[in-house]
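Report on one structure; see the data block that follows.
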Amino acid sequence: TILLLLLAVLKYSQVGVCCGFLLNQHYNPAFVSLQMMKHAWDNYKRYAWGLNELKPISKQGHSSNLFGNIQGATIVDALDTLYIMEMKEEFKEAKEWVEKSLDFSVNADVSVFEVNIRFVGGLLSAYYLSGEEVFRKKAVELGEKLLPAFNTPTGIPWALLNIKSGIGRNWPWASGGSSILAEFGTLHLEFVHLSHLSGNPVFAEKVMNIRKVLNRLDKPEGLYPNYLNPSSGQWGQHHVSIGGLGDSFYEYLLKAWLMSDKTDEDAKKMYYDAVQAIETHLIRKSSGGLTYIAEWKGGLLEHKMGHLTCFAGGMFALGADGAPSDKTGHHIELGAEIARTCHESYDRTRMKLGPEAFRFDGGVEAIATRQNEKYYILRPEVIETYMYMWRLTHDPKYREWGWEAVEALEKHCRVDGGYSGIRDVYINHENHDDVQQSFFLSETLKYLYLLFSEDDLLPFEHWVFNTEAHPLPLGHMIWF
């Protein structure tokens, strides 16, 4: 109730208002983001401390099988957000839990991808920000436990790994036993840092080998299919997506180049070649003028765009500076067009929150038409793109759009016990899914805070964000 009143004050006060935001440093939108983080964290601590996630309606813990029996996902995922927001007591409590209770000796399958981006990424970021040795030690320990996932004929890692036995396997639904592009392609940043912090080159060698395998393969129309068999080294089904199953592979090509102080020419070439193929074969414009990224299935386009795909607006803009000189402005504009489309996907719902996927067919534009695509699980990708577009253009509409998201989150997702996802964003009443995702604290709230903060907080000249929004330093900051 207090935060809703504050929102009203922020919107309607006549004292120092710009774009609906109070300029007073004590009551600015970044402060509201911090208060949202405090509400999410305090309730996690009250009802689910030490467990992976919170069920804010039931007021109890929630565990996902993605992490096996590893616990504390929200704590590790939120460490850097707590630090950045100067929530010092909360950061201290989280650090003490990591020291005493974070245990990787589990006899269960874990998602190598999810454990890497959330746990390894979170620990690395916490170390680089705070200098606390416990985070470095835990990150390296966990990295070592993930290495058996690479024990395949090609070195393309398994999706799932039993940490105790070292036995890996792939998702049973993934095209003929394939590994997934967005999973094995989203290890590079963290593993390069693990080699730096441990002095052991094996981590970097494992991810560089993935590059070698990919570079040997023919790409259909220059595109990377979502599935690759780790035994044969051949593509599975020729499905291509810049959303789920593909997304962060492309992000990590660009960020690997940036993280290397722009010396990793292989990553640079792979990224810009991929963007050219994406533009040619996947990017389309609707009759209403909205630019979107379709999915490609064996040469046929499905005119659907996922919420996950909305990260690409920020990616295109971030990569604009490295594009050929005649394409820099084009990449910024492409980012702006994707941001606009994703904003429309929010604006065309009753709750002003975006669906999991939206379509451009049958006379429909930027609207979910299937019931199983109408949910919102506190995802960050649209706000992530707003943050990048604000930092790179300073167009005030991106802060305005971010504020609209804050108002919608407060109105529809905030509950007494935290924040919950919504099962259908097109109806008038909230049907909550009763999960406060760890990435809400790691990504959504962090990107909101950065959107409304000064550019010198985690400046792009010194940091890149992993795909879970964990900041990692660029090469000149550490060792290259």
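Backbone N, Cα and C atoms are what each Cβ position is placed from, and that goes for glycine too.
If you look up TrEMBL, you'll see Glu114, Glu356 marked as active site, proton donor. Under the heading active site, TrEMBL lists Asp247, Glu381. Positions annotated as Ca(2+) binding site by TrEMBL: Thr467. The feature disulfide bond is assigned by TrEMBL to Cys310-Cys342. What TrEMBL records for 1-20 is signal peptide.
Its Cβ taken as reference, Glu381 (active site) is surrounded by 24 other Cβ atoms within 10 Å in the chains shown. Rounded to a whole number, the C-alpha distance linking Cys342 (disulfide bond) with Glu356 (active site, proton donor) is 11 angstrom. Put simply, Glu381 (active site) is 10 Å from Thr467 (Ca(2+) binding site) when counted between their Cα atoms. Asp247 (active site) sits 14 Å from Glu114 (active site, proton donor), taking the Cα positions as reference. Neighbour density for Cys310 (disulfide bond): within 10 A of its CB lie 30 other CB atoms from the protein chains shown. With respect to Glu114 (active site, proton donor), the closest of these recorded positions in Cα terms is Glu381, chosen from Cys310, Glu356, Glu381. In sequence order, Gly306, His307, Ala368, Asn372, Glu373, Lys374, Tyr375, Tyr376, Ile377, Arg379 are the residues of the chain that are 6 or more apart from Glu356 (active site, proton donor) and have a CB within less than 8 Å of its CB. Within 10 Å of the Cβ of Thr467 (Ca(2+) binding site) there are 25 other Cβ atoms, across all protein chains. Cβ-based crowding with a 10 Å cutoff singles out Asp247 as the top-ranked of the active-site residues Glu114, Asp247.
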